[in-house]
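Written below as structure tokens is the structure these notes are about.
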Amino acid sequence: MRETKVVCRELDCGNPVAESRPLVKEGRGGVRLESSCNGHESTLRQCVTKTYTCEGGYYHHVICSESVRLVDGAGLCSGRVEVKSNQSWASVCEADFDRQDAEVVCGEIGCGAPAALQGGLYGEGEGQTWDKEFQCKGKESLLLDCDTSDRENNTCLPGNAVGLTCSEPDDVRLVGGGSRCAGGVEQYDQGEWRTVGDDYWGDVAVVECRQLGCDSTVSVLPGNTTRGFGASCSGSEPSLRGCWRGYDLLPGLTVICSDLLVQPDISLTDSMGGVSRGHQGFEMFRGYNFTITCSTQPQYPGGSFLLMFTGSNRTQTQPAVNHSAAFLFPAADDSHQGNYSCVYDNYVVSHNFSSESELLSLTVTASPLPAFIIRHVVVLLILLTAITTSYLYYKPTRRQKRVNRVSSMDLYVNAMEMVSLSSRAEAGPGEARAAQGTE
């Protein structure tokens, strides 16, 4: 798209948004240009160009953004924001531009989501400064469709011309390789996925792996030759959009990038409740057993896991069973303290690949057993004190009740005797003797 960028610049339009190759109508001729541009030329004539007369066939259809552009950036999706006003381009002050405005700009020029937004990031503009504040909602198709308001401060200080970096568009993929980082190269074009071909395989593969975030290229193999288009890259482009595009049918590419395997996971568990998660990582009580588990997503069968211990030559290796492996440590001690990582190795697509997990930090601390015993002893002493106090309280109370019961019986017996004597005194001597005889 380097030639397209030059065309948009020469026409005083914005950034190139898209290019396609519609069919020429029957009977319509044209001029065929084979141009080689670096993207910084002011006009197409400054490029290395060969001219041919053609009858029928295809011609390039270019779409440029009409009212906004990014300039002085590293690619099509980065640069200083400029807005077209009265047939001239004006830079935008950082105070008048926020993330929602950036979302609209990135979408308008055919890029991904905003990645960086900063004043002075791509230098200062030489012309005027936009005198409005944008108030986009983030859903508009064009920046000039957004609401605007008068700027509170009419001046924009030096170093505040807003610079914007958008992520590269999600318009390329590798298919058929079992991983997002391996397979045939395809690019989304005119509503469908098309094969990308190249006579010089290496540079397109380098750009493809970089755009997908798959690190470097491991190998490039010939792929299927199907409907698509050719591409030619220098290898420095941030994405395939920055490469030259041709519509001759070229051999497809099968690319394998170095980040073929996804990053494995690492975790730590125990069966005795002796592990906890602290600010610096995991904390393990001395003497408790623990298990470190390595696992990965089910991309490819087989492979093995290497458990590495930072600061030591000690390593352990186990085969991957159901895409995981468990490493058991019977008793934690000070020698187990440090950082661990899992390395997953596998031989796929005729190459050896490996991927390493994040670090797991482990600290071994003293066993909590003495404190556990002290807590239980304290609880037992409290219970014993309570039982003793209750016993001492209730014991005299029961004795007192018994004394009271005895005194009451004595009083009752004495009272009955007194009643009996009184009855005898009231009766005559004969009744008394009769009563005694009866007794």
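The backbone N, Cα and C atoms fix where each Cβ goes, and this holds for glycine too.
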*Second cysteine of the disulfide that TrEMBL assigns to C136, among C146, C156*: C146
*Quick one: pull the CA-CA distance for C136 (disulfide bond) versus C37 (disulfide bond), whole Å only.*
35
*By a simple count of other Cβ atoms within 10 Å, which of C47, C136, C233, the disulfide-bonded residues in the record, is least packed?*
C47
*Relative to the Cα of C233 (disulfide bond), which of the disulfide-bonded residues C37, C47, C146 have a Cα no more than 10 Å away?*
none
*Nearest to C243 (disulfide bond) by Cα, among C37, C47, C146 (disulfide-bonded residues)?*
C37
*asked:* Let me spell it out: for each of the disulfide-bonded residues (C37, C146, C243), count the other Cβ atoms within 10 Å of that residue's Cβ, using every protein chain shown. Which one has the most?
replied: C243
*asked:* On the 0 to 100 pLDDT scale, where does the domain 'SRCR' (172-258) sit on average?
replied: 82
